[in-house]
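Participant: One structure follows; several queries about it will come next.
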Amino acid sequence: MSQPSVILATASYDHNIKFWEAKSGRCYRTIAYPDSQVNKLEITPDKRYLAAAGNPHIRLFDVNSNSPQPVMSYDSHTNNVMAVGFQCDGNWMYSGSEDGTVKIWDLRAPGCQREYESRAAVNTVVLHPNQMELISGDQNGNIRVWDLTANSCSCELVPEVDTAVRSLTVMWDGSLVVAANNHGTCYVWRLLRGTQTMTNFEPLHKLQAHRGCILKCLLSPEFCEPHRYLATASSDHTVKIWNVDGFTLEKTLIGHQRWVWDCVFSVDGAYLITASSDTTARLWSMSTGEDIRVYQGHHKATICCALHDGAEPCPA
């Protein structure tokens, strides 16, 4: 099976993972996932594998195979895995779970290599572009920075007490971090580098983005420059696109009929893929704000999506 240049995958409460031809909207592969729902999908930097975060495991599937079986299963979490991602050269994977832990997995060795205790259900984890720090957000409203060199928590902050942090995103150059919560609010900080590797947070902006929950926030990628955008996906059925320069509203993407759970930019920031409880995923043009493709085939809520349309290796 030849590797497509664009890999687009979605997962749904119907216990299926689907691969799509991004341009035509045709589904060319379905993987049954009977053991649990899939909470998050992520594609490895080399485009070879798709990670599916379930309950309580993470399964790795071969993108270029027709086999329905995973090539690897990671099993030491004890509850829903809500976050999964990869270090830029693909050597290790990180995860966050409702069991209250953040874990690191070396893909070249079995088992979990490191575990950090968040003391509350972890909803979101992102890797700082320096590849040396993980940032997690949890159900109690805590944001923590995990210093992978010191192997400890280097920073802790609570933007809004007892308000769950649903999603975190870091600008590609490490200059900003945004946290979105259940009250529809985004908190924005400048990230300042101290004399050590430790990141310091300087409050920059508080954005009341939606009336409903924000389920995903995402900053635009490097090749979108000089434009810098923040996308916020919400339970109010919309996705809003904000200009990071002043955090003014650029566009509201209207078309989904129910909650919008996830979104991902194309590598050049020209397109956005979204996943919704209305069972569909959609491809949006960032220039027009219109949906130009609807991916239909799931029978229940589509809650996560993954896209890799860039070059395989990432810069060192």
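Every residue, even glycine, has its Cβ placed from backbone N, Cα and C.
Per TrEMBL, repeat 'WD' is recorded for 1-30, 74-108, 115-156, 207-252, 253-294.
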Participant: Can you tell me which recorded stretch out of 74-108, 207-252, 253-294 has the most Cβ pairs within less than 8 Å of the repeat 'WD' (115-156)?
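Facilitator: By the under-8 Å Cβ criterion, the repeat 'WD' (115-156) pairs most with 74-108.
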Participant: Which residues of the chain, 6 or more past the ends of the repeat 'WD' (253-294), have a CB below 8 A from one of its CBs?
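Facilitator: Beyond its ends, the repeat 'WD' (253-294) has Cβ neighbours at 8, 10, 12, 20, 22-23, 25, 40, 212, 215-216, 218, 220-221, 223-224, 227, 229, 231, 233-235, 237-241, 300-307, 309-310.
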Participant: Work out, from DSSP, the number of helix, strand and coil residues along the repeat 'WD' (115-156).
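Facilitator: Counts, helix then strand then coil: 0 helix, 25 strand, 17 coil.
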